[in-house]
Amino acid sequence: MIKSFFAALSFISRLPVPARLSQGLEIEQYQRSIVTFPLVGLLLGAIAGAVALLLQPWCGVPLAALFGVLALALLTGGFHLDGLADTCDGIFSARTRDRMLEIMRDSRLGTHGGLALIFVLVAKVLVIGELLLRDTHPIAALAAACAVGRGMAVLLMYRHRYAREKGLGNLFIGKVSLQQTLVTMAMGVALATVLLGLQGLRAALITLVLIWGLGWALKRTLGGQTGDTLGAAIELGELLFLLALL
């Protein structure tokens, strides 16, 4: 379990992980690490929340929220944001399925991807700022949001097919079991409830339903999921959870 956690941490974040703790795992062990995704999110969100908390007395709520979002982007290396941009470039191109997947594979940023990044990042700053004004603890809010966002992404893996022939997403999509799916989601919901009480539970359940709907819509449009759509689900899951806290 410990090796799985550090494997997941090295896979979906830029935090340094000693090689002895994350290397030498079989493919099946990487797939089993999905259940630790909410714990990785918990850690990343707690660090970003701590940044916002420490800066708030010095620079005020708006800038504290901005630097909290920036910290989260740096901690993940923009990994999930890149997936969000690629997904929106493809989906909103209104082309054929194959052409959408080609566009998503293109490393260049398009108009729709740029707009999606602006919207999501600005929305996160505004929502976190509003939560700070309402005296919601930033560490609890961001830790819970990141845990739930990564926990609910499993909904785009279980009983879905990979839309391409190869890629990083193929490691998880269609490869997770029902038990892994339930444990991963339950962990995200439980962490949100522990950190934020009934408000966190409500926000987590709302996020669950909306991310399930997102997965269904993407499946109909693309014929399956990709690593990019998983990244999009994580980013949107975080934002939806934070919005549901308001």
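We number each residue from 1, going along the chain as drawn.
The backbone N, Cα and C atoms fix where each Cβ goes, glycine too.
Pulled from Swiss-Prot:
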type	residues	note
TRANSMEM	34-54	transmembrane segment
TRANSMEM	59-79	transmembrane segment
TRANSMEM	113-133	transmembrane segment
TRANSMEM	138-158	transmembrane segment
TRANSMEM	171-191	transmembrane segment
TRANSMEM	194-214	transmembrane segment
What stretch of 34-54, 59-79, 113-133, 138-158 shows the most Cβ pairs under 8 Å to the transmembrane segment (194-214)?
138-158
Looking at the transmembrane segment (171-191) and the transmembrane segment (34-54), are there 3+ C-beta pairs under 8 A, with each pair at least 6 apart in sequence?
yes
Residues of the same chain, at least six outside the transmembrane segment (138-158), with any C-beta under 8 angstroms of its C-beta?
12, 34, 37-46, 48-50, 52-53, 56, 64, 68, 72, 128, 131-132, 172-178, 180-181, 184-185, 187-189, 191-192, 195-196, 200, 203-204, 207-208, 211-212, 214-215, 218, 225, 229-230, 233-238, 241-242, 245
